[in-house]
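Below is one structure, written out as structure tokens; comments come after it.
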Amino acid sequence: MSKEHTLSQNISRVNFKELQQIIKMGLVQGNLIPAFAGAWLAVVMTNHSFLSSIPQILLMLFGSTLIMGGACALNNYYDQDIDRIMPSKQNRPTVNNRITDQNLLLLSFGMMLVGEICLFLLNIPSGVLGLMGIVGYVSYYSIWSKRHTTWNTVIGSFPGAVPPLIGWVAIEGQISLTAIALFLVVFCWQPIHFYALAIKRKDEYALANIPMLPSVKGFKRTRVSMFIWLIILLPVPLLLINLGVVFVVLATLLNLGWIALGLTTFKKNSDQTKWATQMFIYSLNYLVIFFVLAVIVSLLTLI
């Protein structure tokens, strides 16, 4: 049997579930929430017509999905060596040879190209922000910082917080204070979220020689960093006062709840893994609740 035939068989075995793994669909979906919220708030706060903005919102979501999925696929291509070492990554199609490198790269660059075309069709700022997100995630995070510094998570938070900016700019064409506030929410959220995950997988990261903060500096140092980011996040809702006092109060309570949960780790004999799991779950719910709340509150202003 020829090598080409074997490779074609490999790619033919990639199903939809495996494709979702390749493009990290869970991560993409999580980022689409703030992207949509950014676009929606731009529609409401700048008095755009919702009906006339629907095509822009859909094109923005489609383009964002493609560039994020393509960047994640490229990340999977680059990380194959360390993924083969980490037990939790063994089911990835890129690890068990369910997709060839050639097809993986074609998928990645194809998605990013089409995604960028979509964003540039909206306006130049959207396309530029998309490019910044791609370069930041692939180059500064995946290729450089992830393998060389414990600041990798913070560095990766910059491109990770771009989606709400793209959403806003797709409608308004320029960045505003509200868009920056949404960016800051996602930016501050990411270290807490990913440090919690890294605590649970610190042995895996150490095995793969990835300098994640818990693996290099230990649990105590990591929880202090998480708490610092929680404190930084606390006043950010004040920047969204134009959504009303009710939103600011509810968002602040959401932040205070997270801080309260974070403080439980300073009790004696607290279970590190259990606490990290609780913080991780809260982080997932936080992002959804925060941005859904922003959308709902903005809807009430239209009634």
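For all residues, glycine too, the Cβ spot is worked out from N, Cα and C.
Per Swiss-Prot, the feature transmembrane segment maps to 25-45 (among others). Among residues of the same chain six or more beyond the transmembrane segment (25-45), those with a C-beta under 8 A of the stretch's C-beta atoms are 53, 56-57, 60-61, 64-65, 68-69, 72, 160, 163-172, 178-179, 182, 185-186, 242-243, 284, 287-288, 291-292, 294-295, 298-299, 301-302.
Proximity of distant same-chain residues to the transmembrane segment (54-74), defined by a Cβ-Cβ separation under 8 Å and at least 6 residues beyond the stretch ends, is recorded for 22-25, 27-28, 31-32, 35-36, 39-40, 43, 104-105, 107-119, 121-122, 126, 130, 133-134, 137-138, 142, 163, 166-167, 170-171. Annotated transmembrane segment per Swiss-Prot: 54-74 (among others), in sequence order, evidence recorded as sequence analysis.
Positions annotated as transmembrane segment by Swiss-Prot: 104-124 (among others).
Feature annotation from Swiss-Prot assigns transmembrane segment to 125-145 (among others); the stated evidence is sequence analysis. Outside the transmembrane segment (125-145), and at least 6 residues removed from its termini, the chain residues within Cβ reach (under 8 Å) are 60, 63-64, 67-68, 70-71, 74-75, 78-79, 112, 115-116, 119, 151-152, 155-156, 158-160, 162-163, 165-166, 169-170, 173-175.
For the transmembrane segment (151-171), the residues of the chain that approach it from at least six positions outside its boundaries are 31-32, 34-43, 46, 48, 53, 56-57, 59-60, 64, 68, 119, 122-123, 125-126, 129-130, 132-137, 140-141, 145, 178-179, 182-188, 190-191, 194-195, 198, 210-213, judged by C-beta separation under 8 angstroms. Taken from Swiss-Prot, the feature transmembrane segment covers 151-171 (among others).
The transmembrane segment annotation in Swiss-Prot covers 179-199 (among others). Counting only same-chain residues 6+ beyond the ends of the transmembrane segment (179-199), those with a CB under 8 A from a CB of the stretch are 34, 37-38, 41-42, 153-154, 156-158, 160-165, 168-169, 172, 205, 212-215, 219, 222, 225-226, 229-230, 232-233, 236-237, 239-240, 258, 272-273, 276-277, 279-280, 283-284, 286-287, 290, 294.
Per Swiss-Prot, the feature transmembrane segment maps to 227-247 (among others); the stated evidence is sequence analysis.
Under the heading transmembrane segment, Swiss-Prot lists 248-268 (among others), citing sequence analysis as support.
Taken from Swiss-Prot, the feature transmembrane segment applies to 280-300 (among others), supported by sequence analysis. With a cut-off of 8 Å between Cβ atoms, the residues of this chain six or more beyond the transmembrane segment (280-300) that come close are 30, 33-34, 36-37, 40-41, 44-45, 182, 185-186, 189, 192-193, 196-197, 200, 240, 243-244, 246-247, 250-251, 254, 257-258, 261.
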